[in-house]
Each structure stands twice: as structure tokens, then as C-alpha cells.
Amino acid sequence: MTPLIFVTGGVVSSLGKGIAAASLAAILEARGLKVTMMKLDPYINVDPGTMSPFQHGEVYVTDDGAETDLDLGHYERFVRTRLSRKNSVTTGRIYENVIRKERRGDYLGATVQVIPHITDEIRRCIDEATEGYDVALVEIGGTVGDIESLPFLEAIRQVRTERGPEKALFMHLTLVPYIGAAGELKTKPTQHSVKELRSIGIQPDVLLCRSEQAVPDSERRKIAQFTNVSERAVISVPDVDVLYRIPSGLHAQGLDEIVVNQLKLADKVGPVDLSMWEDAVDATLHPLDEVTIAVVGKYVDHQDAYKSVGEALKHGGLRQRTKVNLKWLEAQDLEGTDMAALADVDGILVPGGFGDRGFEGKVLTSKFAREQQVPYFGICYGMQAAVVDYARNVVGLEGANSTENDRQSPNPVIGLITEWRTATGDVEKRDDKSDLGGTMRLGLQEQRLKPGTLARELYGKDVVAERHRHRYEFNNRYRTQLEDAGLVIAGKSMDDTLVEVVELPRDAHPWFLACQAHPEFLSTPRDGHPLFIGFIRAARERKAGGKLLQEVRA
């Protein structure tokens with residue numbers, strides 16, 4: 001039976017439960033434990049795949065093709081465990097499972113209720129996702145007091161009652177606001193949040209107190225007194241200048257020791273090694289170079305929509321001790337302009353997206369990068385924009401477009417995928433009348449790279465695997481025509497049916513590469529990702545006037 005750490009949040013949302021949980025997981029992993037993580041989301045959607053990026057932020061994709069909450073991206077960037085569909089559960093999925101069982105007759109005619117049927121299904125999902133690990137962290141989305149969260153909170157209360165404190169620990173993240181007019185921190189919101197939690201039968205073992213500044217010992221004692229939590233388990237989590245400081249900050253206050261002692265893990269752990277995180281902090285604070293990258297997207301007003309892209313760019317800089325400044329630009333705003341907003345950047349990245357809004361701005365961005373010799377990295381929709389630009393402006397295919405945006409295009413160089421293999425090798429089919437949810441090409445897919453290409457050089461091997469999330473693809477009818485005009489097809493699916501990577505010859509452009517996959521989902525601060533590292537290096541070389549640079553490793 002895997003020991004569980006349940007992470008809840010109070011007072012307000014967006015306090016950083018996911019980062020806090022991932023930081024603790026990183027410490028426990030650094031002490032030699034096999035760790036996994038899980039997110040329980042209280043919304044009714046089956047998954048976030050069809051949710052607006054403006055509301056929900058990024059949809060993170062796992063190896064097995066699950067469309068999940070962006071917190072799973074935090075988890076995978078902080079710990080080495082590769083997560084799956086089991087690690088992201090929503091209210092919608094829980095109810096879907098229960099209703100399916102009821103229709104099959106699994107409940108033998110019983111009246112199906114929240115307790116015990118919904119809570120039992122939640123507990124079953126927790127057991128399934130956490131089995132076989134030394135310890136698991138389970139984050140409950142939302143805020144204590146939300147009506148949507150009640151079934152999840154009741155389920156974890158039951159787990160604690162049955163397993164006891166040595167197999168289930170409650171960690172509550174709360175806000176300790178600083179009131180500038182009074183010049184002091186206020187603990188009352190935390191007291192009320194814990195009171196709310198205790199009213200439903202959950203007594204926190206650990207409090208993580210989020211604040212603008214460190215919570216002084218006097219306030220920690222006060223919080224401990226009013227919440228029935230040990231003073232040493234009231235942990236201060238102030239704002240930090242570098243995210244990678246958090247594991248060291250939590251370890252310095254003994255959080256991992258509290259967990260190890262309560263969950264009886266002492267015989268499994270060794271001394272902690274946080275050198276990787278310390279090196280990341282040092283490389284971030286003491287860069288040797290600096291570049292500016294334009295990210296031209298559709299949802300830039302809500303930067304969480306491109307969370308993994310932003311992190312992967314920073315990881316690419318981290319491996320070279322280079323500070324990466326991000327210039328977020330709305331693609332639609334570039335349409336009809338002279339593209340002056342891109343004049344001062346060292347590299348351009350065009351990330352994924354859906355729908356016709358802003359697509360022409362992405363095409364113009366690709367054209368600008370191609371003609372002005374600016375390093376260009378296109379991802380998913382960014383690759384499709386690059387192909388459309390090349391077809392229109394180099395090959396001369398009038399009206400070239402994606403059928404996603406123009407079904408009547410005379411030259412549909414990007415079209416709907418009607419058949420493909422899933423991450424497990426099964427054949428999937430769809431048409432333009434299929435449901436939007438769960439009908440894309442999703443998950444980890446292998447691709448073969450062409451010898452002598454930039455992509456092959458960056459990856460350093462012939463066959464690579466990347467995660468995908470798309471339903472439109474390069475139209476093979478135009479493959480030969482575009483190749484004859486100079487476009488390099490650098491990567492294809494293993495069955496040779498889908499174009500995965502395109503680039504320009506290096507004698508025509510210093511660094512122009514676009515891929516259909518989402519390599520940002522496999523980038524971590526430990527290793528970065530070869531495409532992002534190569535892109536940042538190209539941006540550095542452009543800034544240095546084309547001079548080849550010595551690689552500097554963090």
C-alpha cells in the first residue's frame with residue numbers, strides 16, 4: 001500500500017499547489033524514493049482537451065495520449081517519473097465511469113449515490129495511479145469550500161480514516177496575505193481555511209503558508225496554535241525570484257523530514273542531493289549570455305496557455321547559461337503590419353493553436369523569419385504556417401492553406417488526418433463530423449529523421465519519439481512539389497505516411513526548423529531538449545553576428 005500525501009488549497013486559487021507538491025516530490029526523489037504524482041480536478045469536463053486555453057491554460061499531453069491539466073507538466077519537469085492517463089482524473093471522468101458501471105448492472109440494482117459510489121470510484125482511481133511507488137503525492141484541484149471539491153475531499157478523508165496517519169498525510173497550502181497599509185501579515189484567512197477543512201473531517205498535518213515574504217516565527221507559532229498543527233510543520237513559502245529555489249527552501253525547513261518520519265520511510269531514504277536544483281538556480285542568476293525570443297501565438301494574453309513552451313525555452317537557455325527574454329506577440333495583431341515588432345528579436349517561435357483566428361499572422365511571421373534569416377522554430381500549427389508560407393510565396397501555389405481554415409482552398413497543403421496509429425499502435429479514423437474531444441492524433445509517436453539534416457544533427461540519432469496533439473497534417477499530395485522547390489522533409493512517421501519535421505537547407509537559412517510534434521512536453525530543467533537547445537544556440541549566434549560560439553554548459 002503506497003503512502004499518500006494529499007495536497008489541498010485554501011483561501012484563493014492559483015497559489016501554486018502544483019509547484020509546491022512537485023517541489024516536495026523532487027526532494028523525496030532526491031533522497032532516493034520512487035515517487036509519482038496525481039491531479040484530481042473537480043470540473044465536469046471528462047478532460048481539458050476541449051476547454052478554452054483562455055480559461056484553463058495549456059493542455060498537457062502524456063506519453064499515452066492523455067490530455068491533462070498543466071500541473072502534470074510541472075510534475076514531469078520536477079520528477080523523473082513519466083505520467084499517464086491514470087495520473088489525471090476529473091469529476092467528469094469519475095461520473096462517466098460510474099454511469100457506465102451502472103448501465104452494465106455492476107451495482108446490482110442499487111441506488112447510485114455520491115457516497116459510496118462516487119467516492120469509491122475516486123479511491124479506486126487513486127489506488128490504480130499510485131500502486132508500486134514508495135510514495136505518491138495527490139493534488140486536489142480547486143479551493144477548500146468549493147462545492148465541486150466535496151466528493152474528492154470526502155474520498156481522501158475516508159482514505160485517511162482507513163489507512164491511518166502513517167499511510168496518508170494531509171498537506172494544506174494556504175495564503176498569508178501582507179497588508180501594506182498595516183505593514184503586517186494576516187493569519188486569519190489561514191485560520192478560517194483550516195477551520196473549513198476540519199469541518200469536513202480533515203485535520204492538516206502540514207501547512208504551507210504562501211506569502212509575499214517569509215512568515216516570521218511569531219506568526220508561525222500563532223498559526224500553529226489556532227490550527228492544531230505542530231509549529232515545525234507550519235512551513236513558510238514566500239515568493240521567489242527563481243522557481244528552482246523552492247525545493248531547497250522546503251528542505252531547509254525540514255518538510256521532507258516531517259514526511260519521512262510520519263510515513264515511516266526512514267529505511268528507504270538516503271541523504272538528500274539537491275545539487276541539480278542549486279546548479280539551475282546558479283545558471284539562472286549568473287548567465288553568460290542573453291537573447292530575446294518572440295513567441296507569436298494565439299493565446300498570449302494568458303501565458304499559461306503556452307506554459308511548457310516558455311519553460312522549454314528557459315531550459316534551452318539554462319543548458320548554455322543564457323538568459324532567455326520572452327517577447328509575447330499576438331499573431332492577429334501582426335496582420336497588416338510591417339512586422340516591426342519582430343525587428344529586434346534574436347529568434348522567433350510560433351507555437352501550436354487551433355482555428356483560423358491569427359493564422360495569417362503566423363504565416364506572415366514565418367515569411368518574415370525566412371526572408372530576414374531569423375532563427376525560426378515552428379511547433380504544430382507553427383509548422384503548418386511555415387508550410388503554407390513556403391507553398392504560397394516560394395512554390396507559387398495560389399491560395400495555399402489548411403483545410404482547417406479554408407475547406408475550398410485550391411491548394412490544401414495542410415489537410416485533415418483521416419487515419420493514423422495511436423501511441424499504442426492501434427489504428428484510429430476520423431472525419432470532419434467526428435467529435436472534437438479525444439479524436440486527435442495524441443501521445444508519443446516515433447519518427448525517422450533524414451541523414452544530413454539539422455534535425456538529425458540536433459537529436460544525434462535516426463529515430464526519435466515525441467508527443468503529438470493535432471488533427472491536421474502536411475498533405476502528401478504536395479510533398480514532392482515542395483521538396484523540389486527546396487523544402488527539406490527532415491522527419492517522417494515510421495510508416496512514411498506523415499510528415500513530422502520540415503526545415504530549410506542551411507545554405508539557404510541559418511536555422512529554420514518546424515515540427516508537427518510538441519517537443520516542449522519532454523523538456524526538463526535537468527536536460528533541456530535538443531531542439532530548444534539548438535534554437536537558443538542559433539539565437540545566440542545571430543546576436544553575435546553569425547559567429548560560431550563555444551558551447552557553455554550549465
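Note that Cβ sites are derived from N, Cα and C of the backbone, with glycine treated the same way.
In Swiss-Prot, the L-glutamine site is described by Gly353, Tyr381, Gly382, Met383, Gln384, Glu404, and among Arg467, Arg471, Arg477, Arg479 the residue recorded at this site is Arg471.
Just one of Asp63, Asp64, Asp69, Asp71 is listed by Swiss-Prot for the same ATP site as Ser14, Leu15, Gly16, Lys17, Gly18, Ile19, and that one is Asp71. Most other Cβ atoms within 10 A: among the binding-site residues Ser14, Thr187, Gln191, Gln384, that distinction falls to Gln384. Long-range neighbours of Lys17 (ATP binding site) (same chain, six or more residues apart, CB within less than 8 Å of its CB): Val7, Thr8, Gly9, Asp71, Glu139, Gly141, Leu173. Comparing the Cα of Gly382 (L-glutamine binding site) with the Cα of every entry in Gly18, Ile147, Thr187, these being the binding-site residues, the smallest distance points to Gly18. Neighbour counts of Cβ atoms within 10 Å were compared across the binding-site residues Lys188, Lys222; the minimum falls on Lys188. When the record's UTP-binding residues Ser13, Lys186, Thr187, Lys188, Pro189, Thr190, Gln191, Lys222 are compared pairwise by CA position, the greatest distance found is 23 Å.
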